[in-house]
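Asks: Before we start, here is the structure in question, set down as structure tokens.
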């Protein structure tokens, strides 16, 4: 095998660069361990979502805002792969591109960062809470209808700065981003799924590459976490059937459980002695309005996560969830 430099596209935010560098570090270790002659370099790309910061996500085009320019660079051969936050990836990828690998998922929860150190239920009546998504707004208002939800855009560091400078009582951010940046000490409280169900794929990364790049796909397969890939596939199919983007409050979280309802050992991975058939996927899904939400839960065999996500979405729609 000849030596090759793999060009990795990424947004230029501090979080995007940090998680891309972490992935490259892991891939370098895997390449050394398997004797693969690959090097990696980073190419920064500005996306539409990075350029437009004064408008809410729901008003500027929905899903794909943070990936379209990167995907085009991949199709044009300017880059070979890209590291995305999975929650930013559209449920349907452009022809010629695939999700080549899904590393082990980090914390999927949302995190509350409060100026006063108060938890969500302790915030004063009419507290100003900053968030960037309709998904969070819908669920927070279902939990605390008195809250004043206001949009806050920008990178993690700029949102944290706005918390101090713009008079918010609190802001909501994805826990995984704060943890990847080493900023867990800023978190006041983590929000449970019954209060704020996470975005599809939240906490997971997607490594996108060209479908015809067999050499790179072989490398990425070494980095893929099968259990994360299964659960994220179910969530993404749920989203695709609902045809949702940033304009609709949609959330979903899937995890693996043993047939008796117990979660797998080892941080979400199946123990080596477990038979795959003993595991089931459990998915909780939500589609809501600006001030309400509806839930449906179910479970199925782990072998068919895509069909499962589709079935759960169909059942939720039949029970009254409507995406308009």
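If you go along the chain as it appears here, the first residue is 1 and each next one adds 1.
Heads up, the Cβ atoms here are built off N, Cα and C, so glycines get one too.
Given the structure is predicted, the values throughout are model-derived calculations rather than measurements.
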Asks: Using Swiss-Prot as the reference, determine which range in 242-260, 261-279, 280-298 is annotated region 'Insert'.
Replies: 261-279
Asks: Take the region 'Insert' (261-279) and average the pLDDT across it for me.
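Replies: In the predicted model, the region 'Insert' (261-279) has a mean pLDDT of 46.
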